[in-house]
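*Asks:* Dumping what TrEMBL says about this protein:
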- 23-48: transmembrane segment (TRANSMEM)
- 54-74: transmembrane segment (TRANSMEM)
- 95-115: transmembrane segment (TRANSMEM)
- 135-156: transmembrane segment (TRANSMEM)
- 143-230: domain 'CAAX prenyl protease 2/Lysostaphin resistance protein A-like' (DOMAIN)
- 168-189: transmembrane segment (TRANSMEM)
- 195-212: transmembrane segment (TRANSMEM)
- 217-236: transmembrane segment (TRANSMEM)
- 248-268: transmembrane segment (TRANSMEM)
């Protein structure tokens with residue numbers, strides 16, 4: 001593995017650390033920047049809806065992009081370090097296991113999203129109507145929605161929640177289970193509605209586990225994009241947010257839980273050489289030769 005010594009005072013992808021308190025702080029920072037920047041950039045669409053084709057994805061890109069850059073700046077991570085976030089190689093067997101785990105988790109995520117009522121409670125009814133109307137507005141502009149939902153969201157959300165926050169906590173030797181749960185919990189809250197909170201939170205747990213065992217940001221980005229693409233197609237086809245892929249019953253849920261546990265256990269046992277289990281604080285870089293050579297220029 002080729003490596004260059006880092007400049008004093010600058011962190012690297014391999015050694016920067018994030019505490020639990022910092023993880024929560026960066027979550028709120030991401031929401032704040034995303035809402036402010038996104039709101040300002042998309043504001044003209046209220047006067048000229050035609051601008052939505054460009055401004056909706058642009059507002060998402062700049063909002064979450066600036067949030068990621070802000071976190072990197074605070075942690076003294078150079079922009080050049082981004083290449084390392086996306087450079088880790090992954091074994092074929094891990095790709096297969098990751099896809100299998102994702103599909104076994106999906107029925108559980110769908111079930112969790114369905115248990116939150118959409119009627120019978122005035123607050124939830126009003127919130128769900130707002131949720132539906134916001135999605136209806138977005139899907140009026142299908143190309144812009146596709147770019148936002150299927151391309152930008154997976155890249156930027158995974159960079160922030162798995163790449164920066166989760167990896168930073170793992171680098172800090174925080175328990176992987178605590179780090180994965182917290183990053184997934186924050187990921188669920190970031191969707192700003194109770195239905196996606198539970199479903200996205202469960203998907204986030206699986207993505208966090210996969211990232212921990214493989215250190216591959218590209219793999220979790222792919223799975224996130226696959227999840228969003230499936231949801232995008234179903235929503236366009238049915239024009240409803242309530243449709244599910246799997247039959248919502250206890251048998252399906254039970255089978256999904258058993259499969260998820262078995263696949264996760266198998267994944268865990270067969271990824272001992274690639275998992276990120278903290279760093280040696282006396283070293284500047286952790287040796288990652290077992291999962292692929294990383295070249296720095």
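Glycine is treated like the rest: Cβ placed from N, Cα and C.
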*Asks:* Taking DSSP states H, G and I as helix and E and B as strand, how many residues of the domain 'CAAX prenyl protease 2/Lysostaphin resistance protein A-like' (143-230) are helix, strand and coil?
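*Replies:* Counting residues per DSSP class in the domain 'CAAX prenyl protease 2/Lysostaphin resistance protein A-like' (143-230), I get 78 helix, 0 strand, 10 coil.
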*Asks:* Tell me whether the transmembrane segment (95-115) sits in contact with the transmembrane segment (248-268), defined here as at least 3 Cβ pairs under 8 Å among residues 6 or more apart in sequence.
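*Replies:* Contact criterion met.
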*Asks:* At a C-beta cut-off of under 8 Å, are there same-chain residues at least 6 beyond the transmembrane segment (217-236) that contact it? List them, or none.
*Replies:* 85-86, 88, 90, 94-95, 98-99, 102, 106, 135, 139, 142, 145-146, 149-151, 153-155, 157-159, 162-163, 203, 206-207, 210-211, 243, 245
*Asks:* Restricting to the domain 'CAAX prenyl protease 2/Lysostaphin resistance protein A-like' (143-230), what is the model's mean pLDDT?
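*Replies:* Averaged over the domain 'CAAX prenyl protease 2/Lysostaphin resistance protein A-like' (143-230), per-residue pLDDT gives 93.
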